[in-house]
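Here's the structure, in structure tokens; my notes come after.
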Amino acid sequence: MAQLASALVTMLLGVLGCAVYFYGSNILLDKVFPTKSGPAQKVARNLRISNTIRPWLFLGPAVLLLTFYLFYPVIDSIRLSFFDRSGDEFVGISNYVWLFGSDEFFESFRNNMLWLIVVPTAATFFGLVIATMTDRIWWGNIAKSLIFMPMAISFIGASVIWKFIYDFRSGGDAQIGLLNAVVVFFGGEPQNWITIPFWNNFFLMIILIWIQTGFAMVILSAALRGIPDETIEAAVLDGANGVQIFFKIMVPQIWGTIAVVWTTITILVLKVFDIVLAMTNGQWDTQVLANQMFDWMFRGGGDFGRGAVVAIVIMVLVIPIMIWNIKRANAEMEGR
Amino acid sequence: MADVKLTHVKKIYSNKVEVLKDINLDIKKGEFIVFVGPSGCGKSTLLRMISGLEEISAGTLEIDGQVVNDIPPALRGIAMVFQSYALYPHMSVYDNMAFSLQIAKVGKESIDQQVRKAADMLQLTPYLDRLPKALSGGQRQRVAIGRAIVRRPKVFLFDEPLSNLDAALRVATRMEIANLKDSMPDSTMIYVTHDQVEAMTLADRIVLLSAGNIEQVGSPLDLYEHPANVFVAKFIGSPAMNVVPCRIEKTGEQTQVSLSSTVMVETPIITGSSEQAKAAFFGIRPEDLLVVATEAEGFLSGQVTFVESLGEATLLYVTVPGCEEMVIAKQAGTLKTQRGDTVHLSALPEKMHLFDDKEVSYRR
Amino acid sequence: MIASSKRSPLTYLVHATVLFLVVIWTIPTAGLFVSSIRDKDQLSVSGWWTALSTSEQRIVDRANGPKTQTQEGDQFVIRGNLLTNSSAVITQFGFSSLDPEAFAAGTLAEMRNGQTLQVMANGDYALASPAQWKGSRGQRIFYTAEVPPRFTLDNYREVLSAEGLGQSFLNSLTVTIPATIIPILVAAFAAYALAWMRFPGRALLVAAVVGLLVVPLQMSLIPLLKSYNLIGEFFGVGSKTYVGIWLAHTGFGLPLAIYLLRNYIAGLPSEIIESARVDGASDFDIFRKIILPLSFPALASFAIFQFLWVWNDLLIAMVFLGNNEEHLVLTGQLRELLGSRGGNWEILTASAFITIIVPLCVFFSLQRYLVRGLLAGSVK
């Protein structure tokens, strides 16, 4: 109960503090430079001043937080990657030399590439297929809602769910994992799926595909509904069949949205960490960069230099998408 | 209640595009001024500069003798009615009208009194508690006007207020605005539209803009009868005035021009002798052309290429030998004339227009 | 659209395929839920899909010790009942691990030295011996029982108290609620400034926000951890505090929040804002009285996002709140259990269900806003 009370108080304080800042600073500004009455020339001057100051009152906290939590760390990570495990001594590029010489890195890099190819592709593909089909049936919304549901489940929760599916009982015991039960039912040999090197990666990827397909579906479904009916009707009159309409008329019109979905999932994949941590913790050849980085941060007191190097590899992989995003946003701004 | 005076006003955007070039305009207290022009001519920008929503790049704007370039909109004594009405969707009609007074910290009773008075005047009293989305287009328009009235502005600004209404409602609301003006004879009103009918029916004076310049300022009939240049001539009136390139053959009290090797016209417009043999433009409004029975009675002959019967009038598109563009003649009622017929056209000399090679009218 | 106008075999194929996919997508979660309310003994020996059928369990148990023996005539007898669950039925029993199903229930089994064992279907057993029973431990009895399906909330009771999930639930709430509200406030103001206010550097800031949108937060962890240690030392409060994690979640959530809200706020009709300006409202008035009420849908959808993200987060909580019992959030607790109680499915399934139940409720009740937010962020 005491915890609940103190939690409530801290919550209130946190939220109130934030509100007090915004109200206080703006009211103060209005008091110091009144703009609602007074002699015209003075008002004009005050207005100029407060119009210069106010944007920064609005933006201040956001800019500070972004700088402290995202911008500065990116710079500092680059610096740390040239320093030793405690971040005190400059060691040149030896962290990079270590990284590119380690088998573990190549294993995680290969796995990451696999994740990057398989997960966005599969999630987008399933999302598109399901979006197309559910738009045509009366219970489509219920189906969508159920397929979208895993989106709300944490990676760690999803890992428990799927670990249960992949569960393996040796010997003649009854299988309680669904996958092995199905295999046994069809006369196969039960397997300990998550320990089979290489293929176990795919069993982990299934979890993320399961989570992300709903996201792809929701967005692509909206894009499909945004296609003007006239173009489809024109194609029908031109004698196209369903498959041709889908690939030649509908898909090209939502190409931009497909790209957005694809890149969004790609970014998520690069950050994926919880699933690997929970399912295998990188054992049996399933290591990925994000988990490797986490490992180096905390393993044996932590090696900040090596952790930072892995972080930078992830960052470099993200940069092309970042540039593409900024270009797209700029084009949009000019379109306004 | 106020004069508005613009002196050498310019608007230049950061990318060096000059959307308004040296605007000089005197608007008198109580006048109803309409800015009209094709889209992109700068008329809305000019209005927004008067309102204070756009900065003035150069020149001065005076309201009531006071330079207001740097004064914020709320303190300029103006009120604005927007094209989309810009009602606050989450506030009731009452709150929409009261908003500006609440911001100005006017007392509750005074607000209530003013809002109810305006609502009464615009027949909005039964709707005061409704949200804008529960109103019809015409009612929303009235709320927008009401919101302007409660501020008791010196100058009313209207930015294409009727363009979101359907045709029937537009005529009705146009009349309401005209009535509003009559009931507030001291208020200055500035009204932007691209619709020449609104301009002609509402305005005391029309300001016709094109590509950032004022082409002509004058009463509606003045612009119709004495267009200062070809642009004004073609913009006012529907269908547009026929303007045919010509050559001045004889100057003096009566100017004689040749439209082609065969067509000669004599107009009662005075030209100086220096204009002799210059290229010029001859203009005649379609409704001023009359179909006559014989070639001798008219000054133009040609073959009918299209006939458009509108019921109350008939438009004849006539191809005149030697002229590139077809000449349009508007005749009252229905005609038996068919495509391919040859017609002869005449016009009263005083209805003729003549523009010099820079497209400026000779009749000044 | 086109296919729905005629009832072709293709339509049925579509129905069947969608049904198949929906089943695939829901079965994992359904399995988790069913398992979490099953009896833990049943859970570990049979698949959850058999939950409704009677299961056959092979169990080893010990009879009561020799202390409880009574003399009946010339026999020393030990009596008792094997079944704790009264509705189970014993079909077979035995006394040796070599042949645990040697006898049908009700028959009299001959053991060594004239000793006999009889186990009835209802679990009553009788061990009889001509000589006195010796030793301290009871005789081992193997039996096969048919156990009817049994559902229970015991698993939940256990994880909520013994495994500390109740505490974690509170921790999760303490982290999540401010970490949802603070970024909304901060981002809404920033989004308005970026959408409607004029100041130098605006375009650059927008580009920066879009760029930071994809920065992997792993990048930030090491430098931040160092900064937190410094700041914590300076104030003497330690580096792992709730304020610290709120601000961390705020910082990491801000790019998306600003981006989503800016898109929405910039899309509001400009004339409404200009009208307010003509009416004399300052930017602060406009923000409070016009923008905030009108942006409610966008604020709601971001709130749902951030809530799900913070509630489901493991990484930031592990780094900035640590692994000690009193601060552990649900996801962290679940991960601990996965390590320490990896084989105890009754604990894992119940814990997992507790961690996902709140987001699932939020998801199903506010799905409309979530979808709208997703679309605002992606489809343009």
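A Cβ is built for glycine as well, from the same backbone N, Cα and C atoms used for every other residue.
Feature annotation from TrEMBL assigns transmembrane segment to A:6-24 (among others). Long-range contacts of the transmembrane segment (A:6-24) within its own chain (CB-CB distance under 8 A, at least 6 residues past either end) are made by residues 57-58, 61.
Residues or ranges marked as transmembrane segment in TrEMBL: A:56-75 (among others).
Per TrEMBL, the feature domain 'ABC transmembrane type-1' maps to A:109-325.
Annotation comment: TrEMBL describes A:113-134 (among others) as transmembrane segment. Proximity of distant same-chain residues to the transmembrane segment (A:113-134), defined by a Cβ-Cβ separation under 8 Å and at least 6 residues beyond the stretch ends, is recorded for 140-141, 143-144, 147, 201-202, 205, 208-209, 212-221, 224, 246, 250-251, 258, 261-262, 265-266, 269-270, 272, 288, 317.
Residues or ranges marked as transmembrane segment by TrEMBL: A:146-165 (among others).
Summarising the annotation, TrEMBL assigns transmembrane segment to A:202-224 (among others). Distant neighbours of the transmembrane segment (A:202-224): 114-115, 118-119, 122-124, 126-128, 130-132, 134-135, 144, 147-151, 153, 155, 158-159, 162, 166, 193-194, 250, 254, 257-258, 260-261, 264-265, 268-269, 272, 275-276, 279-280, 286; these residues of the same chain sit at least 6 beyond its ends, with a Cβ under 8 Å from one of its Cβ atoms.
When Cβ-Cβ distances below 8 Å are used as the criterion, the transmembrane segment (A:245-270) is approached by residues 112, 115-116, 119-120, 123-124, 127-128, 132, 208, 212, 215-216, 219-220, 223-224, 226-227, 231-232, 235-236, 289-290, 314, 317-318, 321, 324-325 of the same chain, each at least six residues removed from its ends. If you look up TrEMBL, you'll see A:245-270 (among others) marked as transmembrane segment.
According to TrEMBL, the feature transmembrane segment maps to A:304-326 (among others).
If one looks beyond the transmembrane segment (A:56-75) by at least 6 residues along the same chain, the residues whose Cβ comes under 8 Å of a Cβ in the stretch are 18, 21-22, 25-26, 29, 315.
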